[in-house]
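Each remark here refers to the structure printed beneath this line.
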Amino acid sequence: MSSAEQLFFLLRGEYLWLFCLLSAVLGAVVGSFLGVVIERLPLMLNHQPGEPELSLALPRSHCSQCLHPLYWWENIPIASWLALRGRCSQCHSAIPARLLWIEVTTALLFCLMAILIPSPERLLAAWILVGFLLALSLIDWWHMLLPDALTQPLLWLGLLINAGSGAVKLSDAVYGAVAGYLCLWLLYWLFRGLTGKEGLGYGDFKLLAALGAWLGWQALPFLCLIAGLSGMFIGVWKIWRSGKQMPFPFGPCLSISGAILFIFYNSHIYL
């Protein structure tokens, strides 16, 4: 057992409160980065010639109203938003609350996974997966978009992890990726043939393929069941709010079901 593994089991066994706190801090930092990805990646993909160059790193974080570059103390996850009371220190315009909630949600999820998952390798994998899925869910919810820049690396990471010390055999991961894509691809064309409408997007195919690579083909029926139930709930909620049927993204439903299953399969409850 390596020294890193010894430290992991010591913290998790004897100082669980400290391990949860450190996991939450890491989650808040990751959430802060995810906020940048969620805000900037759709803009980068829709970049037009002649517009200022934009990347995840540049320009540095700034107020969207007065363009004031944030000092380091204005960029501390969760704490800075609370200290500034959700206002820019210069022009006092509102800082979007969604950035705070992304950081808080990621911190809580990382803490929960630290409690449930007893293996350091699988915990790290869960943190990576949930980070990707949270970014994909929110981008899809706000922009109806599942970028290849996230779904494709997620697929290859799933195959790479399961080629090493993952909980799923590599062959099952490959079959899961292929079956996940074909499952929604066939459903898409069946629905389109019957109704003349597009019920799903190609990003959904790629996301389910990525989740199949992480979870294996055996998990796909349960994943689709949970995603379908989630979709029904969201659809009813949207009808209740608006009074009419409206299209909604399916990516968050797939992401929620994938995260639930991966955490459960790798938790001490299942193991």
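Cβ coordinates are placed from backbone N, Cα and C, and glycine is handled just like the others.
These come from TrEMBL:
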TRANSMEM  15-38  transmembrane segment
DOMAIN    25-115  domain 'Prepilin peptidase A24 N-terminal'
TRANSMEM  123-142  transmembrane segment
DOMAIN    127-236  domain 'Prepilin type IV endopeptidase peptidase'
TRANSMEM  149-168  transmembrane segment
TRANSMEM  174-195  transmembrane segment
TRANSMEM  207-240  transmembrane segment
TRANSMEM  246-265  transmembrane segment
For this session: For the domain 'Prepilin type IV endopeptidase peptidase' (127-236), give the DSSP counts of helix residues, strand residues and coil residues.
Result: 93 helix, 0 strand, 17 coil
Problem set entry | Whole-number mean of pLDDT values that fall within the domain 'Prepilin peptidase A24 N-terminal' (25-115) | 93
Exercise. Under 8 Å, at least 3 Cβ pairs, sequence separation 6 or more: does that hold for the transmembrane segment (174-195) versus the transmembrane segment (207-240)?
Worked result: yes
Problem set entry | Structural state census, the domain 'Prepilin peptidase A24 N-terminal' (25-115) (DSSP three-state) | 48 helix, 4 strand, 39 coil
